[in-house]
Every structure is written in C-alpha cells, then in structure tokens.
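Visitor: This is the structure I want to talk about, given as structure tokens.
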Amino acid sequence: MVTVVSHPLVQHKLSLMRDTQTGVKEFRELASEVSLLLAYEAMRDLEIGPVRLSTPLETAEFPMLSGKKLALVAILRAGLIMTDAIVTLVPAAKVGHIGLYRDPQTLKPVAYYNKLPADIAERRVFLTDPMLATGGSASAAIQFLKDAGAQSIKLMSILAAPEGVAVIEKEHPDVEIVVAAIDRELNDHGYIVPGLGDAGDRIYGTK
Ligand code: PRP
Ligand code: URA
C-alpha cells in the first residue's frame, strides 16, 4: 500500500526542495520539515491507551502511546536527515543504520555498514530514505531488516519513482510506503524525473 501525503505544506516544501536555487542549508531544513510531516501521517496508526494522571484540576484517564516500541532505521547516508528529524517526535525510539550506496554503473545497492537495535523484532520499524528510485536500496534494506527479525516495517521516502514503488509492492507487499510524491519516471541514469537531484549531495553539499 502506498500513501501519498498530499497536504499543501508538504507539497509546497517539496517544490522548494526541487528548485536548483535552494541551497544546502535550506534544503536540509526542508527535508527535516517534510520528514516530520510524513511521520505525522506514517505514525497515524500507533496504538494509544488510557493512562491515569492528574492535571492541576482533576485526576482522569488520558491517551498515551501504548503499543510496540519504535525503531527508526536510516538508509545511509541521505536517510539520516529523516531519522534525525523524526526522533525529535519519538525520543524513546531506538535508531538503526543501514549503509548502502548505489553503484552508479549497475544501479545495484552495495552494502558497507549496518547496526540495528538488538530487539528489532519487537519494535515497529520506520525505515527512512528520501529517494525511492529503482527500489533496489530500499528492497535490500527491507530484506536485511526482515532477516534480522523485523516484523512490522513502514518505508518513508520523500520522493518516489513509479518503478521503485512497483518493486517494493512486488518484493515486500507487507510494507506500507509513505511518500510526499510519486514522480513521472526514472531517467537512463536511474534518477527520478523531474525529481530533486541527488538527495545525499544536496543534503551534505557534496558532488
Ligand atoms: C540514493 C538514495 C537512495 C538510493 C535510491 O543513495 O538516498 O538510498 O540512492 O536509489 P535506488 O532506489 O535506485 O536504490 P546513494 O546511493 O546516492 O547514496 P547516499 O545516500 O550515500 O548519497
Ligand atoms: N538517488 C537520488 O538521490 N536521487 C535520485 O533521483 C535517484 C536516486
């Protein structure tokens, strides 16, 4: 299942991210803000239960998070900007990292690092990567999470290509995808068009 977060704030900020006039500082800020707005939607089905507490006026039951604990997992390096933002909303979440880069020739993901919470099987996992292009990186990361025992995974991306969405739907039909937009297509170099360019390079100012 794919959820496109069509909220005007998300769409406005995403358009600013696409603009070549947007510099590193603003791009980072926008990526963080969009990530928070995506998390608001992606975490809509978190369980809540009643907790008894006292306001200054009376004691009563109020809703608080009560379900499984959370894990945020970033696909390095661009996914870091998303987990860094989202962890401010859910500070008790544990954070994992999966290091993958996409070989520019083959477009296949190459793994170079990973570190996950030991109890990943007991947590709801929110996997972050701003770009879902061919889907190779996200699919490999999801498989890695499943091999480590993860049972509940949502993929959060800022921008997707139809090809990447199709790959995840085929290879991991149990994983819900939450995105700000699905663009037209991939170009011959595996870039999303119209897209926003190379997310990692725009976040970190590299080229
Ligand atoms: C980018 C992006 C995704 C991947 C998407 O990472 O952040 O991880 O490409 O492409 P795919 O869907 O075709 O696999 P990149 O390899 O540029 O690494 P970086 O985050 O370190 O810049
Ligand atoms: N990775 C990116 O950062 N951008 C794309 O358009 C495709 C893959």
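Glycine is treated like the rest: Cβ placed from N, Cα and C.
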Visitor: Given that TrEMBL annotates Arg77, Asp129, Pro130, Met131, Leu132, Ala133, Thr134, Gly135, Gly136, Ser137, Asp198 as binding 5-phospho-alpha-D-ribose 1-diphosphate, state which candidate in Arg44, Arg52, Arg102, Arg184 belongs to that site as well.
Guide: Arg102
Visitor: Cα within 10 Å of Ala133 (5-phospho-alpha-D-ribose 1-diphosphate binding site) is the criterion; apply it to the binding-site residues Ile192, Gly197, Asp198, Ala199 and give the hits in sequence order.
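Guide: Those close enough are Ile192.
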Visitor: When the Cα of Asp198 (uracil binding site) is compared with the Cα of each of the binding-site residues Arg77, Asp129, Met131, Gly135, Ser137, which one is closest?
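Guide: Sorting the binding-site residues by distance from Asp198 (uracil binding site), the top entry is Met131.
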Visitor: Can you grab the distance from Arg77 (5-phospho-alpha-D-ribose 1-diphosphate binding site) over to Ala199 (uracil binding site)? Cα atoms, rounded to a whole Å.
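Guide: So the alpha carbons of Arg77 (5-phospho-alpha-D-ribose 1-diphosphate binding site) and Ala199 (uracil binding site) sit roughly 9 Å from each other.
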Visitor: Rounded to the nearest angstrom, how far is the Cα of Met131 (5-phospho-alpha-D-ribose 1-diphosphate binding site) from the Cα of Gly197 (uracil binding site)?
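Guide: Approximately 10 Å lies between the Cα of Gly197 (uracil binding site) and that of Met131 (5-phospho-alpha-D-ribose 1-diphosphate binding site).
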Visitor: Could you say which of the binding-site residues Gly135, Gly197 has its Cβ with the most other Cβ atoms inside 10 Å?
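Guide: When each Cβ's neighbours within 10 Å are tallied, Gly135 tops the list.
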Visitor: On the 0 to 100 pLDDT scale, where does the domain 'Phosphoribosyltransferase' (4-206) sit on average?
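Guide: Here the predicted model's pLDDT, averaged over the domain 'Phosphoribosyltransferase' (4-206), is 97.
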